[in-house]
Amino acid sequence: MQKKGSFPLNKCFTVSVYLRCVCQVPSGHDHAHHAAVLLDRCKGLEMDAVAVTEEGKPYFFKGDHVFKGFHGKAELSNQSFAELDDHHHLGHVDAAFLMHFPDRPTEHDHIFFMLDTKVFSYYKHKLETGFPKDISEVFPGIPDHLDAAVVCPAPDCEEDSVIFFKGDEIYHYNVKTKKVDEKKFEGMPNCTSAFRFMEHYYCFHGHQFSKFDPKTGEVHGRYPKEARDYFMKCSKFGDTTDHIERERCSRVHLDAITSDDAGNIYAFRGHHFLEQDAGNDTWAAATIESEFKELHSEVDAVFSYENHLYMIKDDMVYVYKVGEPHTHLDGYPKPLKEVLGVEGPIDAAFVCQDHHIAHVIKGQTVYDVDLKASPRVPVKEGTFTLFDKVDAGMCGPEGVKVFKGNHYFHFQSMKIMLMARAIPAEHKTALELFGCDH
């Protein structure tokens, strides 16, 4: 059986639902990269490898391309890891992982790539001296032509380890002693890629995934699940998708979040939103199109003021009166510049309870806009330098929550947020806000 990601010489092949014809030529000839193609992960691609960078951003590899993060277009991998092409024409990556062991400074935060019989070690996107090397030299006892690999620190594993996958063969490699324990993970599908994310372990097979115990390979709960529901920002899903669970447990960042005057919470991501009624612990999910049809999808920021939802998309503002159903106000959308005096796009906006000041975050600049004034004029409140940008923000009785990636950060007030010089404790959005336990 042909190895995943590899293609016969002088043969044309297809990738998923997008057809492309690529010819690889024998060694000694010029290598032309695959033409820039419309690789669409929302069509159900099987990824070759997944690795989380030292910044915590997942990279999904397919052929000679990489998807950075949970949404966005594919890029050629050699734009970030050029030497992969210098030494080995990059048609695919077999396996990849971030070695994250602080007590091993010579390897800590190095990204390792396995390609056929070779291993490449990168630190801050630069190839380490002496690499590539044979896999058997760097990881003795580990076979070539791997399918997947994932780091497993203690106590997740008995010792700090790397788990390598090849077919149904599992190898636990002890990074300190270099001892290899071969195991059988009964009941778990063969992994085409794997990674550790938010202290959980995921085995990808096709465009589905299973969460597994790294010690035993046991899979608990209802698996497999659809990878596009949880690890990608896609607008359409299969009929079997549990939309509420998907939106609660998705690892894709929120686009916006707010609570209205009654205490109902709305959280927006892509084409969908979650709603939790005040005094109710359960969440409901729906498409933005179904409740806010004029908006269609994908907002930049949302805030609530005087029983109205101000929904900002690009440089336009849509306003809805809260109700069943929500009512779109006549005369909207209007330009953001006209409504708030700020040029779009913006990253977040929120109003704290019983106040009439909209706090607007654009990059690292925070503006205050008096919503009772006419005309409304933004006043620079300060700079927020803990992050280069934020994804969303909301304010309530407990203070301000700022959302970045899969986490949110709590500040007791706007003043404390702007004065902060250290990033506060991170909170897991899926677990601590939406109650997702996996």
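Glycine is treated like the rest: Cβ placed from N, Cα and C.
Just so you know, TrEMBL annotations are computer predictions that nobody has curated.
Partner cysteine of Cys395, as given in TrEMBL, is Cys352 (from among Cys249, Cys352, disulfide bond).
Closest in space to Cys42 (disulfide bond), of the recorded positions given as Cys152, Asn190, Cys352, Cys395, is Asn190, taking the CA atom of each residue. Residue counts for the repeat 'Hemopexin' (296-343) by DSSP state, with H, G and I taken as helix and E and B as strand, are 5 helix, 21 strand, 22 coil.
Within 10 Å of the Cβ of Cys203 (disulfide bond) there are 27 other Cβ atoms, across all protein chains. DSSP places the residues of the repeat 'Hemopexin' (90-142) in helix, strand and coil in these numbers: 4 helix, 21 strand, 28 coil.
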